[in-house]
Amino acid sequence: MKFTFRPLVLTAMALGLAAAAVAQEAPPPPGPTPEETPAPTEVPAPPPPVETPPAPPAEAPAPAAEATTDATAAVEPPAIPAMQPEQYMGVPEYMLNIDLSTGGRVVIQLYPNVAPNHVERIKQLARAGFYDGVKFHRVIDGFMAQTGDPTATGQGGSQLPDLKAEFNPTPHLRGTVSMARAESEDSANSQFFIMLQPRFALDRRYTAFGRVVSGMQYVDAIAKGEPPAVMSRMVQVSVAADNKPVPPPSMLTETPPAPPAPEVSVDELNAPIKQ
């Protein structure tokens, strides 16, 4: 009996070895094999990139801080660009009142979330009385009304250094308030303009920093011209938080232009010269 089962055992062993050999020669299936698939502990590897994006926002305010000069830093640090709407919309500290000689008060909502340095500059100059009495020296019908130059020539500005551009997605709609500048993108100083009609070609080329929310009819009444014959003016400019009252009506009136000289008729031109 012992010798009878030995051949069977040897035969089974031979068959097992043959099957193993066939299994070793078989090609691997398409795609990654279990050995090539990352171990479960390696799956969380993507989180490092997820941790990276938050870093830039934390560093983003740095350029704005660098753009602030000693002259502007003496007033108040720039607002944080990441401000939420409830932190500035309707908040008196970020509302600008402009009392015009065309008859009333214009209220502007400032946007410190997109142009913190420009907003701070406007507030600083307003509180210093810089804009009081300044005229609108360039007003193009259907386009915009420009002011902020105490010389009313378009060449003047404040003694503060020019601002670094803060171009942003705010569209130049009717009532948008934006900073004027020279050819250089970083040449804005004190002059600004109010849009009379939309002009989207200005978007991201000029720093928009606010929008008229009340009194647009007084902006529409600003005398037109480059320059106007009689320039409308800003009687008083103030930050709403300072609670300055509207000037008396007698100050919010335009000086009527001088009547034109009477025309000379043809007969008068041909009349003999009197001795």
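Every residue, even glycine, has its Cβ placed from backbone N, Cα and C.
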Region 'Disordered' per TrEMBL - which of 140-173, 242-275: 242-275
Summary of DSSP states over the region 'Disordered' (242-275), given as helix, strand and coil counts: 9 helix, 0 strand, 25 coil
